[in-house]
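Undergrad: Input: one structure, supplied below.
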Amino acid sequence: MGQFISFMQEIPIFLQEALNIALVAVSLICIVKGLVNLYRCGLFQLMVFLVLAGRSCSEETFKIGMHTQFQEVSLSLSALLTNQSHELPMLCLANKTHLYLKSGRSSFKINIDSVTVLTRSADVFVHSPKLGSCFESDEEWVVAWWIEAIGHRWDQDPGLLCRNKTKTEGKLIQINISRADGNVHYGWRLKNGLDHIYRGREEPCFEGEQCLIKIQPEDWPTDCKADHTNTFRFLSRSQKSIAVGRTLKAFFSWSLTDPLGNVPPGGYCLEKWMLVASELKCFGNTAIAKCNQNHDSEFCDMLRLFDYNKNAIKTLNEETKTRVNVLSHTINALISDNLLMKNKIRELMSVPYCNYTRFWYVNHTLSGQHSLPRCWMIRNNSYLNSSEFRNEWILESDFLISEMLSKEYSERQGRTPITLVDICFWSTVFFTSTLFLHLIGFPTHEHIRGEGCPLPHRLNSMGGCRCGKYLPLKKPTIWHRRH
């Protein structure tokens, strides 16, 4: 009884929705049936062939289905590598020989040659990351971080020479990487480190000759552009520990904030000031949840890198510089080593790989829902044509529609009263019963045996027309169900 009363109270709510759905369903069935019939006649196929034969299709918008389109989003890292203090380092390779390093407002030039500038008798000898006598405080940690990234170990490797920062000649640090005598293993290790973070550089030193690295402050050249892939390599090279499994730790929980630190509603928005070059695109909390569940997407790595940079700037501005060492210890929780290694192997094998810049996704134009962006692969320094991975974005659209239908089905199940389900069940039983009666069949009219049906005239027992139009034929009649 209580269930029936609850059902009666909910009638105004679900009847309004059910009635509208019923009316729309009837209309759609009629329209779809008519279109299907028209489609089966072949007229549409002929018109489409005559219009499109010999013409090229536009690539501006790819329509996968009726309401799904293939779209893309481009990420700009100009805000990530901005001119602020204590930011992520940015590396540049100019003309394959000039190496540069920049972090915050400090920039450095790295020269590699055989000319000795500093001597142990006249300059400072350092064997620890404390370079306060060589550089200012905002430059010291950057240089020490870079030296560790190329493979130098302070507690095991030879010391370095640097010029006292009070001298008028300028700040300078000198590292001996000559691959000769007892220094050969150390030299090879640092050379490999340079090759790792500066891909494509030319080696100016030869085996057995003197080779020195000189680091000195210098203005950032205008022809150097931000290359976040070098930053990725730098971070992965300078990590202190490697975890076998990659899971997002509590320290790197998502911080959905704007540039001022305010929490915006509706999810993580990649705004013009931060990522998207041409427009605003918001990726809701659903995409964030997918990234937290599955750590196997280049797009998720990019978002984690942005979030890490914001947290690092806030932490370093409020606390001491020693916090950088703690952050670098846990940097491996940000970037998936498996993805980096996989993309590098693809690059070496000349197969498509990801450079973490351009991503594509499938967008549903009616509901605004979209799939999790996936990396747009590169081959031979150019992005793949969208037709080359057509199966991937068609499959992604199928997954998106399946996810939407599953979510809609769950919501409708929650809004459907149990009594309505009972009514639907008994109405189905009633329909099955009437269908059984329809299959048995009942006679609908009477006509002369062996001859055509005289409808709309009715016959009498003599085989004549009751209205008198036809004379009695004295022929047997029979009841028939079909005209």
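Glycine residues also receive a Cβ, built from the backbone N, Cα and C atoms like all the rest.
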Undergrad: With reference to Swiss-Prot, specify which of the listed residues Cys211, Cys224, Cys269 is paired with Cys92 by a disulfide.
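TA: As annotated by Swiss-Prot, the paired cysteine is Cys224.
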Undergrad: Which one is it: of the glycosylation sites Asn363, Asn380, which Cβ has the fewest other Cβ atoms within 10 Å in this structure?
TA: Asn380
Undergrad: If you measure C-alpha to C-alpha, which of Cys92, Asn95, Cys291, Cys354, Asn363, Asn380 (recorded positions) come within 10 angstroms of Cys134 (disulfide bond)?
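TA: For Cys134 (disulfide bond), the recorded positions whose Cα atoms are within 10 Å come to none.
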Undergrad: In angstrom units, rounded to an integer, how far apart are the Cα atoms of Asn176 (N-linked glycosylation site) and Cys211 (disulfide bond)?
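TA: Asn176 (N-linked glycosylation site) and Cys211 (disulfide bond) have their Cα atoms 6 Å apart.
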Undergrad: Which of the listed disulfide-bonded residues (Cys92, Cys134, Cys224) has the least company, meaning the fewest other Cβ atoms within 10 Å of its Cβ?
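TA: Counting other Cβ atoms within 10 Å of each of the disulfide-bonded residues Cys92, Cys134, Cys224 gives the minimum at Cys224.
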Undergrad: Nearest of the recorded positions to Cys205 (disulfide bond) by CA-CA distance, picking from Cys162, Asn164, Cys291, Asn363, Asn380?
TA: Cys162
Undergrad: Give me the count of other Cβ atoms within 10 A of the Cβ belonging to Cys205 (disulfide bond).
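TA: Cys205 (disulfide bond) is surrounded by 18 other Cβ atoms within 10 Å.
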Undergrad: Tell me which residues of the chain lie with their Cβ under 8 angstroms from that of Cys291 (disulfide bond), as long as they are six or more apart in sequence?
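TA: When sequence neighbours closer than 6 are ignored, Cys291 (disulfide bond) has Ser297, Phe299, Cys300, Leu303, Arg304, Leu372 within Cβ distance under 8 Å.
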